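These notes are about the structure you will find just below.
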Amino acid sequence: MRCTRAIRQTARTGWLTWLAILAVTAPVTSPAWADDPPATVYRYDSRPPEDVFQNGFTAWGNNDNVLDHLTGRSCQVGSSNSAFVSTSSSRRYTEVYLEHRMQEAVEAERAGRGTGHFIGYIYEVRADNNFYGAASSYFEYVDTYGDNAGRILAGALATYQSEYLAHRRIPPENIRRVTRVYHNGITGETTTTEYSNARYVSQQTRANPNPYTSRRSVASIVGTLVRMAPVIGACMARQAESSEAMAAWSERAGEAMVLVYYESIAYSF
């Protein structure tokens with residue numbers, strides 16, 4: 001059963017049904033983080049290369065709690081103090097996120113709330129030892145501080161998760177190139193242009209094979225249901241998406257999504 005279908009069923013029958021489905025259908029193969037870490041990751045951003053090629057990406061703050069980041073508590077919708085910069089090993093999913101934002105601009109224009117013009121960027125980044133798998137870091141946190149409730153769905157999450165967290169900063173030297181996507185709200189034409197970064201330093205590096213070890217959250221530890229998309233978690237994905245909308249978005253990417261139950265910070269989507 002595709003996870004997108006399971007998500008739709010979850011909306012109708014509740015998360016307990018979803019947990020039962022994943023407990024039965026979870027893969028028995030090696031988890032995704034057992035594979036070689038990616039050499040290249042991607043990030044959607046609205047900032048132009050004139051800024052990013054010069055300054056890179058810098059995290060909002062120094063909160064290095066992985067769960068705070070993945071649930072959005074330390075991101076822009078929360079306290080804006082995350083110590084991580086979100087990226088994804090899936091270029092396709094990053095492209096779909098950009099398409100989603102572009103469609104929002106088009107729909108806003110139709111509703112009389114904008115021009116329909118849109119500019120977005122997909123940055124191609126060389127991963128190195130400062131990039132950590134979100135899924136493996138999450139389960140490291142559960143093993144260290146929780147009661148291992150999340151282990152039930154470890155196989156299912158590992159199959160679909162592709163977020164990688166850069167700690168503190170991504171320097172300009174790690175940013176290989178950018179694809180600029182422009183949608184003309186008047187003509188409806190969409191054009192893409194690629195620019196290379198003159199400051200990029202070519203090296204043979206990969207993301208860290210080990211999880212990031214978080215300090216424990218100071219927030220209450222309670223059982224909660226958290227959406228783990230295959231890209232950028234809550235720091236790039238929209239918090240207000242319904243399960244139906246997120247399932248449709250994921251299906252467009254040809255990927256899948258999972259819901260993960262774990263003992264973590266209380267957070268309401």
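Using N, Cα and C of the backbone, Cβ positions are placed for all residues, glycine too.
Taken from Swiss-Prot, the feature active site applies to H69, E163. As annotated by Swiss-Prot, NAD(+) binding site applies to W60. Annotation comment: Swiss-Prot describes C75-C235 as disulfide bond. Swiss-Prot lists 1-34 with the feature signal peptide.
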Original post:
Which whole-number value in Å describes the distance between the Cα atoms of H69 (active site) and the residue listed as 'NAD(+) binding site'?
Top reply: 11
Original post:
Where E163 (active site) and C75 (disulfide bond) are concerned, what is their Cα separation in Å, rounded?
Top reply: 15
Subject >> Residue among recorded positions W60, H69, E163 with least C-beta crowding, 10 angstrom cut-off >> reply: W60
Original post:
Any idea what DSSP makes of H69 (active site), helix, strand or coil?
Top reply: helix
Subject >> Cβ atoms near C75 (disulfide bond) (within 10 Å, other residues, all chains) >> reply: 25
Subject >> Between C75 (disulfide bond) and W60 (NAD(+) binding site): CA-CA distance (Å) >> reply: 8
